[in-house]
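Below is one structure, written out as structure tokens; the observations come after it.
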Amino acid sequence: MSQVGDFKHVPHVPPTPAANPGPLGLSAFALTTFVLSCFNMGAGVPSGGPVQIVLGLALFYGGFAQILAGMWEFKVGNNFGATAFTSYGAFWLSYAVILIPGFGVVAAYANAPDHTLDNALGIFLLAWGIFTFIMWIATFRSTVTMSSMFFILVLTFFFLASAHLSHLPAGNIVTRIGGGLGLITALLAWYNAASGLYNSTSTFVRLPTGSLAHAHSD
């Protein structure tokens, strides 16, 4: 009985505030996008060449780590961050599946009519472009840097989709432009991640992001 009485008098300890998962999700997205975009652009490697080096990143950093960030965004009540990080984490995992021979995605098109694989990849990228456009509209009251990142990502998906749907050869200019836009997207994602990391407890550096919260009235 005395133990029960003592337990009743244990002081309440408030829960530790949850950390901001945004920088992790943005960093995972940025790095994976940067590497793949270098291949698309032909920066240091031939455009249209093998991209298997991206596979590990797509699985573990852009994929798994970003989905974890999305789940933690649900925990802190950020609907936009949860939707974005979980979705783009799933994008990278699905992209990795295309690259892994064991899943048989590319092999399934071996005997298909000409350009069937190109068309399928084009539709895949186009769908992600449409989703990203929807997400971009949801950034109109966020920040200039966040909204710009999503807008350029929309263009990235549409350029890459166009290259496939137009059946252009490897290393074509449209894919290279898409790669260049992807690099800009990655840099903006890193910038947004850094703006969330750089706070008064970690550094004196501050990065302006340009609030859009009051740009439009209700």
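Each residue, glycine too, has its Cβ placed from N, Cα and C.
Noted in TrEMBL for the protein shown:
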type	residues	note
TRANSMEM	24-41	transmembrane segment
TRANSMEM	53-72	transmembrane segment
TRANSMEM	92-112	transmembrane segment
TRANSMEM	119-138	transmembrane segment
TRANSMEM	144-161	transmembrane segment
TRANSMEM	173-191	transmembrane segment
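Of the recorded ranges 24-41, 53-72, 119-138, 144-161, the transmembrane segment (173-191) has the largest number of C-beta contacts under 8 angstroms with 24-41. Long-range Cβ contacts of the transmembrane segment (53-72) within its own chain (Cβ-Cβ under 8 Å, at least 6 residues beyond either end) map to 18-19, 21-22, 24-25, 28-29, 31-33, 35-36, 39, 81-90, 92-93, 95-96, 99-100. Here the transmembrane segment (119-138) sits apart from the transmembrane segment (24-41); fewer than 3 CB pairs are under 8 Å, leaving out pairs fewer than 6 apart in sequence.
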